[in-house]
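Novice: Here TrEMBL flags 1-115 as domain 'DNA polymerase III beta sliding clamp N-terminal'. The feature domain 'DNA polymerase III beta sliding clamp central' is assigned by TrEMBL to 130-238. The domain 'DNA polymerase III beta sliding clamp C-terminal' annotation in TrEMBL covers 250-362.
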Amino acid sequence: MQMQLNSKTIVNGINKVGRFKSKEKTKPALQFILLNVNTDNLEFIASDNEVYYKHVEPVAEGITKTGSFLIPFKLEDALRKVSGTVSLTLEGNTLKFEAKGIKASIPVAVYNDFPKEPTGEAGPAIQFTKEQLLEIVNQCGYASATSDTRPVLKGLNMSGQNGEFQVVSTDSYRLVKKVRKQAIELPALTIPTKTLKSVLESLEDEVDFAMAPFGTQLIIKTDAQEIFIRLITSTYPDTSKLAVIGDDYIKVKVNTKEITDALETVMLFAEEKSKGKNVLLESKGDQLRISVKGENGEIEHFINAEGEEFTKTAMNAKYLITAVNAHKKSTTDLLFKKGKSEAPVFIMCDDETLVQLILPIRIKQ
């Protein structure tokens, strides 16, 4: 392998895939970036066994001999310190590096267990922009589980049928469902939420891409990237009966900023429980009363509210703050079931594609 290129070209490729290197010392090959030097491009590949991320940098000239090697850590460091043209030549297991005023020889690690690119046949693809899918992930992903108790709940469940594309996320305490009109048939897939978000954030802001099932993987393809994400293969729970708002629900409309500020103030007095801090919500005429009473003292905060009176309900304050801000609207509708303080509370707005619910908590009132 031999090439003469601007250092920025190589550094850009390293930056694109670097976050997807593995940190596990038990798999040393995955701590490196694989560089495939072809006649007209450079392929930068990183994998942590959950993601296989390939980024391609086009090269018009400067490559005189093709080859592949694992990029040494010291070369990554050196390239960030230099500018202009650099020369790289692979001789056996030694990489010769030259830049302005610099000559270095760097040993190259040799491992035979670097993952191969997944093979198979892609299923039906969905076209997205980064902004579109990242918005869906941000609106739904907060409800995904973070613990390993039930790994399947750490993912977003996506499916497409009857002209609708649906995304569901739940940690069994709260649930979010997003539905958009999309004429595609897509089998139900559960994609690790944190991983998908990290991949999307690595893409260019205005990029368009195709996303499709690929066996036990999800493939995302842009003009410059080919990314495989390992799917969660466990069966996702049936949530269809939970996200249904019956006729016996009462709607209470509040200002999103006002309820957020009130919750943040009141929860300062709440005791930290295993799942967060709990507050009490109740109707007081044309106002909503948010209160806490406990070892840290007591506090009540009133905000304006439009709607019928509902039964006192105890809720996780952090969950409610996240939900009312997920839709980014100026007002929020809270839906309570008549006479049922332990029934799911729905958090809605004028975006009919988004349904959110939180299960209330039993506390002494």
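Placed from the backbone N, Cα and C atoms, the Cβ positions cover glycine too.
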Novice: Taking only the residues in the domain 'DNA polymerase III beta sliding clamp central' (130-238), give me the average pLDDT of this model.
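Specialist: Its mean pLDDT is 95.
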Novice: Per DSSP, what is the helix/strand/coil residue tally across the domain 'DNA polymerase III beta sliding clamp N-terminal' (1-115)?
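Specialist: The counts are 25 helix, 50 strand, 40 coil.
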